[in-house]
Amino acid sequence: MGSGDTRGESSLVAKPIEIILNKLPHAILAQQQFQKYITSPIYRYLSKLLLFREVAWPESTKDTQKGQVGIFSFQNNYADSATTFRILAHLDEQRYPLPNGAAEKNLPSLFEGFKATVSIIQQRLLLDNVDGATNSDKEKYVQLPDINTGFVNKTYSRIDLTHLLEDVETNVENLSINKTLEMDELTRLDSMINELESRKLKILERVKHIDSKSTNLENDVTLIKDRINFIEEYNLEADREQSLRKQMEEERSSEASSFTQNEEAISSLCDVESKDTRLKDFYKMPHEKSHDKNRQIISETYSRNTTAFRMTIPHGEHGNSITALDFDTPWGTLCSSSYQDRIVKVWDLNHGIQVGELPGHLATVNCMQIDKKNYNMLITGSKDATLKLWDLNLSREIYLDHSPLKEKTEEIVTPCIHNFELHKDEITALSFDSEALVSGSRDKKIFHWDLTTGKCIQQLDLIFTPTHSDIKMPARSLNNGACLLGTEAPMIGALQCYNSALATGTKDGIVRLWDLRVGKPVRLLEGHTDGITSLKFDSEKLVTGSMDNSVRIWDLRTSSILDVIAYDLPVSSLDFDGKLITVGANEGGVNVFNMERDEHWMTPEPPHSLDGDELSRRIAIVKYKDGFLINGHNDGDINVWTL
């Protein structure tokens with residue numbers, strides 16, 4: 001095959017390509033080298049053909065380089081002219097106009113930014129070489145050309161001024177571009193700062209949530225430690241608790257059959273039903289309170305409005321302070337407890353002898369109340385965080401009969417009818433009336449109970465301000481009845497309920513009057529400057545005693561103070577029957593105030609059963625009902641008076 005054949009073959013190959021390519025403008029050919037993002041397959045194919053034509057047959061592009069354009073530029077054997085035009089005029093997304101949002105920013109182009117930056121770099125290099133030191137950042141963009149104003153004012157050369165004007169305008173334009181770049185950088189930094197602020201707020205919220213959880217856990221730790229100290233202090237780690245714990249662990253680890261589990265569940269339900277049944281049966285039983293015919297003869301021996309000492313009842317041999325007592329005078333039953341004595345003793349008030357005892361509490365009994373209406377029962381509250389309802393008739397029978405076992409079932413008989421167990425700390429005050437029981441505890445909670453079912457009706461939460469909750473107030477020492485500074489007063493020092501009305505006295509010195517129907521305080525009586533230890537109210541008046549060495553008499557109708565009685569020592573206990581107020585103010589005798597006659601006097605110092613210092617004897621608790629006054633001393637003696 002000769003050279004002529006080769007040229008002919010080449011012309012045969014190039015001829016159809018020239019139909020498409022020979023007529024294309026040179027500008028379009030130059031653009032094809034940069035089309036990296038073209039999506040049309042035909043467009044990519046045409047670009048490759050253009051590049052191949054320039055390399056293989058450079059002479060074929062001569063006509064194009066001469067600028068021969070026209071209608072023949074779009075003629076070919078593969079597509080019509082309109083289709084070829086659309087293909088060759090295609091613009092990809094990179095060549096689209098900027099959106100309105102970007103256009104509104106009016107940012108400098110890449111080339112403009114490059115020009116402005118290059119001029120700055122050149123000036124910086126020149127200054128660094130000349131001065132040998134770097135200027136401050138504020139001079140970075142203000143390196144202007146040195147313009148001699150005298151030359152400008154004196155020259156008449158239009159060419160020189162034109163060149164100088166161009167230089168100045170160039171610098172102005174560069175400064176404008178630099179300002180735009182800096183503002184854009186500032187906007188970006190503001191956006192970053194806002195994002196960091198948002199992240200900071202989120203982190204602070206997480207930290208706050210973590211602090212809340214940490215506080216709750218710290219409260220749990222404090223509660224657990226207090227409970228451990230409480231158990232260690234009173235040595236309450238009994239064998240019964242150990243056996244129960246061991247039994248619970250065995251039940252968790254064992255794989256008992258479903259039949260056994262059902263049987264245990266049924267037995268537990270039966271136990272609950274038996275407890276509820278016993279409580280219901282207790283109210284159905286006839287309750288004949290112990291009545292002594294000699295009581296009327298004895299009471300008539302002493303005339304009213306005169307103070308007469310009747311007897312002293314020694315509570316125990318250890319001389320511990322009386323912590324709680326109550327009595328029902330018409331039937332002559334007295335119940336009392338002393339410090340670190342877990343057993344409540346029942347006395348015949350007319351003969352001064354013990355007729356029963358109530359074992360069951362695991363720690364000191366702090367408060368108690370005898371039902372004065374229908375049932376011969378007693379409710380006690382203890383440091384073991386439980387309340388117990390006792391059958392006093394049954395306690396007499398067990399104590400006098402000395403037969404703790406039933407004949408048929410051999411079941412242990414206990415005078416405790418029901419346990420109220422919801423508080424998490426020691427019980428400090430209780431009061432019941434009709435079918436409702438209210439209890440206050442060191443855990444800052446007040447529970448309202450239904451006596452017929454033994455279930456809690458509602459919970460009342462006390463809220464103290466930080467200044468009140470953290471203050472250290474004086475409190476009565478249980479082992480000597482004296483007031484010791486530096487100890488913390490009871491959170492709930494006293495309370496009394498009557499129907500739906502409830503009055504509470506707390507360590508912040510505030511008396512709160514509650515409506516049990518809504519479970520909220522309706523009035524606050526503020527006046528005491530220290531913790532309240534006792535209170536009593538009737539239909540018109542409320543009397544309160546406090547650690548601030550005072551007794552205050554309030555008018556419930558106007559919430560105003562009617563009278564204030566000051567003492568030398570803190571008030572540990574008081575009682576009120578509408579006419580007489582009896583006050584134990586850590587003195588040897590009981591202070592009596594007759595409101596009708598406005599008279600004050602003190603009971604004389606009675607003889608006591610234990611040897612000791614007369615000056616160290618203090619009144620720890622007082623109770624007054626129907627002309628009978630009973631007070632408990634810090635040495636364990638109980639005195640009975642008629643007023």
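From the backbone N, Cα and C atoms, a Cβ is placed for every residue, glycine too.
Lifted from Swiss-Prot, the feature list:
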type: COMPBIAS; residues: 243-254; note: compositional bias 'Basic and acidic residues'
type: REGION; residues: 1-274; note: region 'Required for interaction with FIS1 and MDV1'
type: REGION; residues: 243-262; note: region 'Disordered'
type: REPEAT; residues: 317-357; note: repeat 'WD 1'
type: REPEAT; residues: 360-400; note: repeat 'WD 2'
type: REPEAT; residues: 422-461; note: repeat 'WD 3'
type: REPEAT; residues: 479-526; note: repeat 'WD 4'
type: REPEAT; residues: 527-566; note: repeat 'WD 5'
type: REPEAT; residues: 568-603; note: repeat 'WD 6'
type: REPEAT; residues: 614-643; note: repeat 'WD 7'
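Tertiary neighbourhood of the repeat 'WD 2' (360-400): same-chain residues 230, 234, 236, 238, 279, 282-283, 287-290, 323-328, 331, 333, 335, 337, 339-344, 346, 354, 413-421, 423-432, 434, 437, 439, 441, 443, 449, 451, 454, 478, 625, selected by CB-CB distance under 8 Å and a gap of 6+ residues from either end. Note: the repeat 'WD 3' (422-461) comprises 0 helix, 26 strand, 14 coil (DSSP; helix = H, G, I, strand = E, B).
Most Cβ pairs under 8 Å to the repeat 'WD 1' (317-357), among the stretches 527-566, 568-603, 614-643, belong to 614-643. DSSP labels the residues of the repeat 'WD 1' (317-357) in these numbers: 3 helix, 23 strand, 15 coil.
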